[in-house]
Amino acid sequence: MDPTRDLALLRQEHNESPVEAALVSFLGVMFEEKFIETSEDLEKLRQDGKLMFEHVPMVEIDGMTLVQTRAILNYIATKYDLYGKDVKERALIDVYTEGIADLSDLIMQLALCPPDEKEAKISLIKDRTKNRYLPAFEKVLKSHGQDYLVGNRLTRVDIHLLELLLRLEEIDSSLLAPFPLLKALKSRLSNLPNVKKFLQPGSQRKPPADEKTIEKAKKIFKMK
């Protein structure tokens with residue numbers, strides 16, 4: 001790992017929702033991001049024993065090698081005080097984060113969706129967005145009247161939600177229109193200095209996967 005960086009993140013390039021990168025970038029943490037380029041690179045990591053379950057993402061931080069997205073995010077959030085002040089707040093953060101992950105997973109599936117199934121998948125995403133997930137988060141904000149989802153301060157779940165809202169806008173810019181509190185939260189977060197920097201062109205934020213990156217990933221991971 002580069003000694004001038006606080007952590008190193010290794011992942012597959014086609015992952016269009018790099019939540020680990022988003023979290024540390026929003027914090028202003030310096031990190032080195034590497035991608036698996038060939039199947040030989042992946043096999044070497046497996047042989048070296050660095051990938052406990054033989055897949056990425058993997059993070060090197062504080063003398064440790066961590067795998068599994070949730071474990072990585074929990075450690076980073078705890079280290080940088082973004083995981084609530086007590087066990088009750090952490091429970092709410094976990095509940096909201098899992099809901100965000102459910103919808104994010106649907107969006108990620110778009111990249112691998114056959115062309116003749118894409119329209120149906122987008123329709124499903126829009127339906128779940130408008131009728132299930134965003135109403136739930138809007139209700140949370142309305143219930144306590146605070147600036148953030150949990151504890152009236154920035155936590156990891158706000159950052160995950162922002163990344164989700166940005167992806168949804170890329171699918172359909174009108175999806176957020178019925179949710180004024182979520183729109184206000186998005187605007188507030190987007191104007192935080194580190195977040196604003198991360199959202200600028202040329203940052204380490206990656207665009208949605210395209211056919212080229214998907215095909216490359218399939219070759220590396222020997223996916224059919």
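Placed from the backbone N, Cα and C atoms, the Cβ positions cover glycine too.
What you are looking at is a predicted structure, and each value in this text was computed from that prediction instead of being measured.
Over in TrEMBL, the protein carries these features:
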- 27-84: domain 'GST N-terminal' (DOMAIN)
- 86-209: domain 'GST C-terminal' (DOMAIN)
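DSSP states for the domain 'GST N-terminal' (27-84), grouped as helix (H, G, I), strand (E, B) and coil, give 22 helix, 13 strand, 23 coil. Each residue of the domain 'GST C-terminal' (86-209) gets a DSSP state, and the totals for helix, strand and coil are 89 helix, 0 strand, 35 coil.
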